[in-house]
């Protein structure tokens, strides 16, 4: 394959390394080292292979132990190559060869080994087919592939693939890994020629966290291996765990050269967090085994529950002697199917029949714990670190029997990555097949000059041009590896030998499919097995009922703190997953697991505290006892008021009604009626309309009553006080004047109410006396309501003052006394109402009821005190409702005589009459004097004064008692 790398510096460096290696081959000290051991099969196209056949060595690149998985993966590549070469439908006429090397599970050594692939790709330098058998000059290796590497299968460890991919990309050599899962390998800006038949660890990390969440484990420890596999994998896992509220109690890293003390220290740290019973392992298989060994040495009283990545997977040998510690472990393994034909292939292999694999003899000895004596089947590695003769305890082993065969009885089990190795080989094969179809089937024969040019430029073409049977064409040899990777390799899609779909995404990653395994004791047996308990493909599907736990009959917990009960929140202490549970306030709901939030006014949390609901809005209901009582009083008051109005209307022109001052009497009755009706406005559901009625009704209703009473008391006071001082007729005491004065006083209250509505527009509001109550009320502040009644209080106060001033008027003038009694009682009611009203602010029902009853009582006092005497006469003594009534009061007679003589009266009132006047006291017209003593003309000061009494008279042509006529006041009669 023609390389297009023109970077002279890189070429010089590689040439130096290559020549140094040629020199090394001559060095006796390096003869027969592991470097010279490889699997090389000739072919038209050569694929390289990198597998961890041996473990790491101490003081040497490779250790003595042969890994079962490394040998199986190597054999899987050879098996797949055999199938492709024997398949007439794939690359017909073209043979694929191999050049497979051992990485010894070490990234630096793998990089050194990969230089063999690079040197073979240089135009005039191909030493990969040479060897120095006895320290002499290099000779062509017997099984040399005699050609450059077209692509590489491997490595297994992500750390190995990272090193190798950085080198191979410089020479445009594509690489497909069957096992490297580090996330960073998906970065096409760094690894633009790397692909893999397995998914990146990002998906595996998600699968592991899905398992933790499935068991409700929120507090776990993690252990990861040093290197790209463990470090990148655990980084992705920690990120996913943090996003999903899984906390890490202990996070430990296993160094590359860790000894038993390191592993014992890790277990000791895990024991310090006893609540974190779940332990996630993102380690290589050998590290996982040593962790289990350390756990066994610690003799744990409470076992850990292991959750492991595919580094552990479903390997049986990893757990030999540690089954009791590993029991119940849950592992993740790439979803793979058993290739039955590969098992048959492996089971028919023996050291005698598998001479092409130089490490198979070591694998055989390790599997059967025996020693091969036939040197013909053993690799010449007498000086290597893994030499059989150097193995400890070799003398104790028996000689290998010729009848030995691989089988399940001796512990053979198909390695989990076998399918992905085969898929990687087939991916190259199908991509090369498509390239061959595109470049070779339609091209014409090359000219002689072109063939000579390709022979001089391409080592690979020099090789295939000598093979007359090869169907490979020069264009395949000349095709750039990077273009091959992008145009062919990433675009392959096929169904593999296990029946699974194989394809790559644009990052070169395989499909993410995992099996979830549980390590369980076999039924009716002392053995153990991995049992599939679930799968992961874009999500977890797990049957928790089939999980077996270590020394547990029920699913264990792994949490720093137990979950909080419904309606409680977490208060963190120390680690983010450690908390104490605290209750929310009664009016709060659980906003999130750490926060309570106030539901807000008018809302209350449900019993589970997860959300809030709207509280029922409360207001006075018509059927409430608090409404029925004031309504009954109001209805009774309205009925009485209506009766009085009807009686007054029926007796409109009778002396009693006329003497009462009809205009002010009706005005006062209307005010009383308004006050009673206010009860219904106060009890009605608050709306803008009802709130307007409340404001107008209460203030204006009271102002109508007390404006009329003030006008009456003022008129009485003026008349009786002026009568003793002046004979001039008083102004503004006529009915019309009294109505105007009353209306003016009422208008002031109306104006105050209008201003109040402008300053504080009427409306409704919600009142919250406590968190569980929502009361709908009119938007009236208590103080503004009190201020709006200030004017009425002034009217009441003035009325009361006038009532006190007129308390000593003639005995028979009882209406003034009734007005006084009304005002005294009203003051008492209001003085009692104010503290009760403001003291019951938290109980809207009591407050509203108090207000309604207070208003009704004020109206009832006025109604009873002022109108009951008149109603009594109208109903029970209609015969008294006449002009001629007896005046038998001694006080009245003395007062009348004193007034007639111009002397002061016994009541404190004096009167000096002008010519043509007569004296009136007690609201009655008449005297015991003779007609010659009292003129028939009334005094102008007393005109209409009798309107305040229960005896009718008229001035200026209206009804008057005849001179000398005996008249008795009605109030006096009522009082008898």
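Just so you know, glycine gets a Cβ as well, placed from its N, Cα and C.
Keep in mind the model is a prediction, meaning the values are calculated, not measured.
Swiss-Prot lists 158, 179, 180, 181, 229, 310, 417 with the feature L-glutamate binding site, giving similarity to another entry as the kind of evidence. Listed in sequence order, 158, 196, 198, 199, 200, 201, 204, 229, 233, 310 are the same-chain residues six or more apart from residue 181 (L-glutamate binding site) with CB atoms under 8 A from its CB. In the three-state DSSP assignment, the secondary structure recorded for residue 181 (L-glutamate binding site) is coil.
Swiss-Prot lists 927-946 with the feature compositional bias 'Polar residues'.
The annotation N-linked glycosylation site is assigned in Swiss-Prot to 112 (among others) on the grounds of experimental evidence.
Taken from Swiss-Prot, the feature N-linked glycosylation site covers 143 (among others).
Listed in sequence order, 557, 559, 563 are the same-chain residues six or more apart from residue 216 (N-linked glycosylation site) with CB atoms under 8 A from its CB. Here Swiss-Prot flags 216 (among others) as N-linked glycosylation site.
Around residue 299 (N-linked glycosylation site), no same-chain residue at least 6 positions away in sequence has a Cβ under 8 Å from its Cβ. Annotation note: residue 299 (N-linked glycosylation site) sits in a coil segment as assigned by DSSP. Swiss-Prot lists 299 (among others) with the feature N-linked glycosylation site.
The N-linked glycosylation site feature in Swiss-Prot is assigned to 386 (among others); the stated evidence is sequence analysis.
Other Cβ atoms within 10 Å of the Cβ of residue 491 (N-linked glycosylation site), summed over all protein chains shown, number 13. Summarising the annotation, Swiss-Prot assigns N-linked glycosylation site to 491 (among others).
Residues or ranges marked as N-linked glycosylation site in Swiss-Prot (evidence: sequence analysis): 524 (among others). Under the DSSP three-state reduction, residue 524 (N-linked glycosylation site) is assigned to coil, being neither helix nor strand. Within the same chain, no residue at least 6 positions away in sequence has its Cβ under 8 Å from that of residue 524 (N-linked glycosylation site).
According to Swiss-Prot, the feature region 'Disordered' maps to 920-946.
Under the heading signal peptide, Swiss-Prot lists 1-25, citing sequence analysis as support.
According to Swiss-Prot, the topological domain 'Extracellular' annotation covers 26-626 (among others), on the basis of sequence analysis.
Counting residues per DSSP class in helix, strand and coil order gives 8 helix, 0 strand, 6 coil for the topological domain 'Cytoplasmic' (650-663). Residues or ranges marked as topological domain 'Cytoplasmic' by Swiss-Prot: 650-663 (among others).
Shown for the topological domain 'Extracellular' (685-695): DSSP residue counts in helix, strand and coil, namely 8 helix, 0 strand, 3 coil. Marked as topological domain 'Extracellular' by Swiss-Prot on the basis of sequence analysis: 685-695 (among others).
Taken from Swiss-Prot, the feature topological domain 'Cytoplasmic' covers 715-738 (among others).
Counting residues 6+ beyond its ends, the topological domain 'Extracellular' (760-782) has Cβ neighbours under 8 Å at 586-587, 601-602, 604, 615-619, 685-688, 690-692, 694-695, 837-838, 841-844 in the same chain. Marked as topological domain 'Extracellular' by Swiss-Prot on the basis of sequence analysis: 760-782 (among others).
Those residues of the chain, other than 158, 179, 180, 181, 229, 310, 417, with a C-beta within 8 angstroms of the mean position of the L-glutamate site C-beta atoms are 156, 157, 177, 182, 198, 201, 311. Long-range Cβ neighbours of residue 180 (L-glutamate binding site) (same chain, at least 6 residues apart, Cβ-Cβ under 8 Å): 155, 156, 157, 158, 160, 161, 162, 196, 198, 229. Counting in whole angstrom, residue 491 (N-linked glycosylation site) lies 20 from residue 179 (L-glutamate binding site) by their C-alpha atoms. A straight line from the CA of residue 179 (L-glutamate binding site) to the CA of residue 112 (N-linked glycosylation site) spans 20 Å. DSSP classifies residue 417 (L-glutamate binding site) as coil under the three-state reduction. There are 28 other CB atoms within 10 A of the CB of residue 158 (L-glutamate binding site), with all protein chains counted.
Note: the stretches the transmembrane segment (627-649) and the transmembrane segment (851-876) are in contact (3+ CB pairs below 8 A, sequence gap of 6 or more). Just so you know, the Cβ of residue 179 (L-glutamate binding site) picks up 28 other Cβ atoms within 10 Å once every protein chain is counted.
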